[in-house]
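Asker: What TrEMBL records for 67-90 is region 'Disordered'. The domain 'Amino acid transporter transmembrane' annotation in TrEMBL covers 109-505. If you look up TrEMBL, you'll see 141-165, 205-224, 260-280, 300-320, 332-354, 374-399, 427-444, 450-472, 484-503 marked as transmembrane segment.
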Amino acid sequence: MATLLRSKLSNVATSVSHKSQAKMSGMFARMGFQAATDEEAVGFAHCDDLDMEHRQGLQMDILKSEGGEEGAETPLEGDIHYQRDGTGPLPPSASKEACSELSGQGKPKITAWEAGWNVTNAIQGMFVLGLPYAILHGGYLGLFLIIFAAVVCCYTGKILIACLYEENEDGEIVRVRDSYVDIANACCAPRFPTLGGRIVNVAQIIELVMTCILYVVVSGNLMYNSFPNLPVSQKSWSIIATAVLLPCAFLKNLKAVSKFSLLCTLAHFVINILVIAYCLSRARDWAWDKVKFYIDVKKFPISIGIIVFSYTSQIFLPSLEGNMQNPKEFHCMMNWTHIAACILKGLFALVAYLTWADETKEVITDNLPSTIRAVVNIFLVAKALLSYPLPFFAAVEVLERSLFQDGTRAFFPNCYGGDGRLKSWGLTLRCALVVFTLLMAIYVPHFALLMGLTGSLTGAGLCFLLPSLFHLKLLWRKLLWHHVFFDVAIFVIGGICSVSGFIHSLEGLIEAFRTNAED
């Protein structure tokens, strides 16, 4: 009798323990954490992938253990299973795999210096080569805009990260969102829970594809100006560059490409130093009288887009901040990276413009003497070709997940087979995307126009308009009056700059289309 009583009490205690553990797991799940199984230590994990959009489909089911025979203890296999389509719990064998994919436990955290290097790589890329052309049409106001854009982009990056956090019942600030898409969806909920994410995805795809087009354009431009005596046109050089880039359609990962891209980025910094050194050698001939306070009304709005586009990094900041060892250092990292970018961009643009004045070209390296122009441009072309796969692969991933792999919400059948291999028609679509970038580069071979259009359309939207709007929508009750003022001012100024730059860039593109059609 005593043995039976002890057995019943043991079963009751075990049941209470399991129920308590399930409740705690459910609480952690609602806070964005994942509880581990009995066989593993309790750990915390959160989804931290930039391109894993529309997480509303993810559901978490708490599995309750059922008691077996009297006196027997049934092991608890797991508290939580993540599923995409809500069709049922994942099998136990797939539980650990799914959780490990969604968690960040296996990902090494990065320091503030490493995070700063990523941001610097994004905002100090080869597109700074178009900044002297912006000074040509904006004068001192263009220099002011370089400083203003750095301040605003630094601020909007910080408030975008603030939108990832909310205060829980205990008054603690916890991370409840993981990406730009999550923030957009939260702002549009509950009426349109996925509308915001789709808008951000469309803007992201446009920016990524336009970046690919710019790489093809700049490759053709640099090669044509490096070897002007060869009977090869700029369009032909663009076709040759695209032929080299066609294998990008077969990419499965970017490990090898990333290593080369790092070397090319370092080479790009060296090239910038060489350009500045050449300009300093001609300091006696600098045309200070050419820098004016007036602006070219027709072309300066395009310069606004060029400057804004050179600072775009907001789209991956949530993922970057989530992978930092100490997220509290994010604000400091943003400050010194944007201060450094502002100083370097301002000096580079001003020094280059003072050297060539009214003869400044869209890509500043085209102004260099022919003796060193070819060497510098070949390095830049190599960087452009090795940088092309990065935005191309990101655009392909967003398209595939949104249109072909988003569970029951996908518009088209899955482009991958059961063995994980890419289907033939999926490969055809990738090749078509590469060809599309070529066609755009051929019909609109204007680096400044395309850069201005992209900066005015998606750059201003992702860097100025949406962060300030989301900040007001999600945190307006806790904002001080000056934060509200800054957000409203940035939204208004960003909207005006975006519309004016887009209109003038579009007019330039239409004119370029007409010119190419006549030729």
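Using the three backbone atoms N, Cα and C, a Cβ is placed for every residue, glycine included.
No curator has checked TrEMBL annotations; they are predicted automatically.
Worth saying up front: this structure is predicted, and the values here are computed from it rather than measured.
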Asker: Flag the pair the transmembrane segment (332-354) / the transmembrane segment (205-224) as in contact if three or more Cβ pairs fall under 8 Å (sequence separation 6 or more).
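Answerer: Answer no, regions not in contact.
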Asker: Rank 205-224, 374-399, 450-472 by Cβ pairs under 8 Å to the transmembrane segment (427-444) and hand me the top one.
Answerer: 205-224
Asker: Quick check: do the transmembrane segment (484-503) and the transmembrane segment (300-320) share at least 3 Cβ pairs under 8 Å, counting only pairs 6+ apart in sequence?
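Answerer: Taking Cβ pairs at least 6 residues apart, the transmembrane segment (300-320) and the transmembrane segment (484-503) are in contact, with 3 or more under 8 Å.
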Asker: With Cβ-Cβ distances below 8 Å as the criterion, list the same-chain residues six or more beyond the ends of the transmembrane segment (300-320) that contact it, or say none.
Answerer: 48-50, 110, 115, 118-119, 122-123, 125, 127-128, 130-131, 133-135, 137-138, 141-142, 145-146, 149-150, 153, 156-157, 160-161, 164, 177-180, 182-183, 204, 207, 338, 341, 345, 448-449, 451-460, 462-464, 467, 497, 500-505, 508
Asker: Taking residues 6+ outside the transmembrane segment (205-224), which of them lie with a CB under 8 Å of any CB in it?
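Answerer: Same-chain residues near the transmembrane segment (205-224) but 6 or more away: 126-127, 129, 232-238, 240-242, 245, 312, 315, 362-363, 365-366, 377-378, 380-381, 384-385, 387-388, 391-392, 394-395, 398-399, 433, 436-438, 440-441, 444-447, 450-451, 453-454, 457-459, 462.
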Asker: Can you tell me which parts of the same chain pack against the transmembrane segment (374-399), counting only residues 6+ beyond its ends and a CB-CB cutoff under 8 A?
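Answerer: Distant Cβ neighbours of the transmembrane segment (374-399) are 51, 53, 125-126, 129, 201, 204-205, 208-209, 211-212, 215-216, 218-219, 222-223, 225-227, 241, 244-245, 248, 251, 254, 257-258, 260-261, 264-265, 267-268, 271, 274-275, 365-366, 368, 430, 433-434, 437.
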Asker: Can you name the far-off residues of the same chain, 6+ from the ends of the transmembrane segment (141-165), with a Cβ under 8 Å from a Cβ of it?
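Answerer: For the transmembrane segment (141-165), the far contacts come to 123, 131, 134-135, 173-178, 180, 182-183, 186, 293, 295, 300, 303-304, 307-308, 310-314, 317-318, 321-322, 330-331, 334-335, 338-339, 341-342, 345-346, 349-350, 463-464, 467-468, 470-471, 474-475, 483, 486-487, 490, 494.
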